[in-house]
Each structure stands twice: as C-alpha cells, then as structure tokens.
Amino acid sequence: MKRMIALDGAQGEGGGQILRSALSLSMITGQPFTITGIRAGRAKPGLLRQHLTAVKAATEICRATVEGAELGSQRLVFRPGTVRGGDYRFAIGSAGSSTLVLQTVLPALWFADGPSRVEVSGGTDNPSAPPADFIRRVLEPLLAKMGIHQQTTLLRHGFYPAGGGVVATEVSPVASFNTLQLGERGNIVQMRGEVLLAGVPRHVAEREIATLVGSFSLHEQNIHNLPRDQGSGNTVSLEVESENITERFFIVGEKRVSAEVVAAQLVKEVKRYLASPAAVGEYLADQLVLPMALAGAGEFTVAHPSCHLLTNIAVVERFLSVRFSLVEADGVTRVSIE
C-alpha cells in the first residue's frame, strides 16, 4: 500500500492550487493524500463549487474513494484508483472556472488507457483563472512540443457571476515526454489586441482598444460581440508573440470601472513582462511546473517567482522524485529540474 501524503492547505499562498495539483499528482502516481486547511488563505475558506467539481471529476476519472467532498469542507482524504480514458461531462453549477477543473484532470488523462474528451460547464472568463484562449493559444502549443497532445475548444462563453459557459478538451495518452527549454524569449514578432463583449455597449471595447494602441504597436486589433445571453461581460486580451514563445495577458472588465482604467491595468501588466528578459509570464510559469516535472528535465525563466509558483513546486516535490532549482541571475529567475 502506498504511503498517505499529508498536505497543509494553508502553506504558501493557501489557495485552491494546492488541492488541484495534489489531485492531479495523486491520480498520476497512485499515492493517496490528506489535505487539511483547504483554502485557508482565502476570505471564504473550504471547498467552493469549482473545487468540489474538480474533486468529483477526479473521483470519477480514476474511481477514487473520497472523504470530505462537500461544500465548505476544509479537509479531504483522496485515495485514487486507475485512470480511465473516456467521454466526461462535469457541471460546476456556478461561474467557477471551467479551465481550472480541466487543469486538474487533464494531466492524469495523459496517462490514461485511451483518448478522452472532457467537457466542463461553468465560468469561462474569470478574474483569477486562465481563460480558454490562454490554454489554447499559449499553453497547448508548448505542451505539444513536450509530446502532450490536447486540444481545447471554447463552446460557449460564461462570464462571472452568471456562468453558463462550456469548455471542452480532447486529449490523448502521452507516448513519451520531451523536455522544454525556455530560457530566452527572443525578439517580439507581433502583438495582438482583442476585446470580447456580451451585453455591453461597443464603445466600451473601442475605448479599451484605443488605450492599448496608445501604448503598443498592434499588428491586429479585434472586437468580438457575443450573444447577449452569454453576458453581460467584457474581457480585454493582449497577445505577445515572440520568436520562442507566445504569451497572452487578459483582464476582465468590472462594473463601475471605466474602460480606460481596465485596459490601463492590462497595459501595466504587459509592460512589466516586457521590461524583463524572462521568457515566461507569472501565470504560465504555474502551468509549466507539472508537465516539466513529469518530463524529468527542462527549464524556463520568469521575472519573479510568485508565491503561487513556489507553492506548486512544493506540492509537486511531495509526489514526484524531482527537485527544482531556482537561480536568480541577470534580472530573471531560472527555474529548472536539478
């Protein structure tokens, strides 16, 4: 019998990423775990609908036995079974992030006995979670280089707080992992701005695009009007294509916050990324830790290691026999497998 791993949900940033990473790694390695203090660092601790959906999805995909899988629970015991490929559908029942549920179960399906399709309904454009276009245009091309083949499709947008969005991913078992080397970003090839609107006046998007154009030379600028029943909501994205990597930054519009202020916040984030020679942005760095650990080698550079990144690394090192090295030099932090 494999040893039970004990995790403290309050460690590091104390959010839901500890639980999501633990579920992924438990399904992959077959190691059971207990986590206490789930989301202890959040204003509303314990399992929310999004986290509970991730637990239930993981349970179904590997026939796990679970204790504590209920709303508000701050303790969970998860004993995994065997990961099975198949056609899965999960509903969050709120505007909780669909992509974070996918992020939990897809790595396990890289080791399944056949191809899979996973569809999740819930929120698709959330302030604190990667949107589907980030997964599709930034993460998945990098995963493909690593030998991981999955394809995400956004079927319907669902803005906070209404939800109602649908995201689906098709994924195949991985034959072998390749290493990823992302030490240098390279020169910028082009930049693209995009605004999504649902039930919001078009002039809001035009003002947001104007703010982006005031700071960057954009190769493309697009405004997409979505059906009103997918809103109301608004997101602004700016994609930076460089020689070695494409990064995408986004922000979700807020009520009673002007279009100019919303777009200016995004401009500030992109300028911070471009001011550093690092290849990888803060959010992408979090996404690369697990596949890099599974490959057993590789490296990337990031401007500053976030608490989120350090917490994720700590969880990965509890389940896998890998050790990460973080070395600061020349204005970047080089993250690699020792």
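Cβ coordinates come from backbone N, Cα and C, glycine included.
In the record from Swiss-Prot, residues Tyr283, Leu284, Ala285, Asp286, Gln287 bind ATP; the candidate from Gln103, Gln150, Gln151 listed for the same site is Gln103. Among the residues Gln103, Tyr283, Leu284, Ala285, Asp286, Gln287 said to bind ATP, no two Cα atoms are farther apart than 14 Å. Taking the C-alpha positions, the distance from Asp286 (ATP binding site) to His308 (active site, tele-AMP-histidine intermediate) comes to 7 Å. Taking the C-alpha positions, the distance from Tyr283 (ATP binding site) to His308 (active site, tele-AMP-histidine intermediate) comes to 9 Å. When the binding-site residues Leu284, Ala285 are scored by other C-beta atoms within 10 Å, Ala285 scores highest. When the binding-site residues Gln103, Gln287 are scored by other C-beta atoms within 10 Å, Gln103 scores highest.
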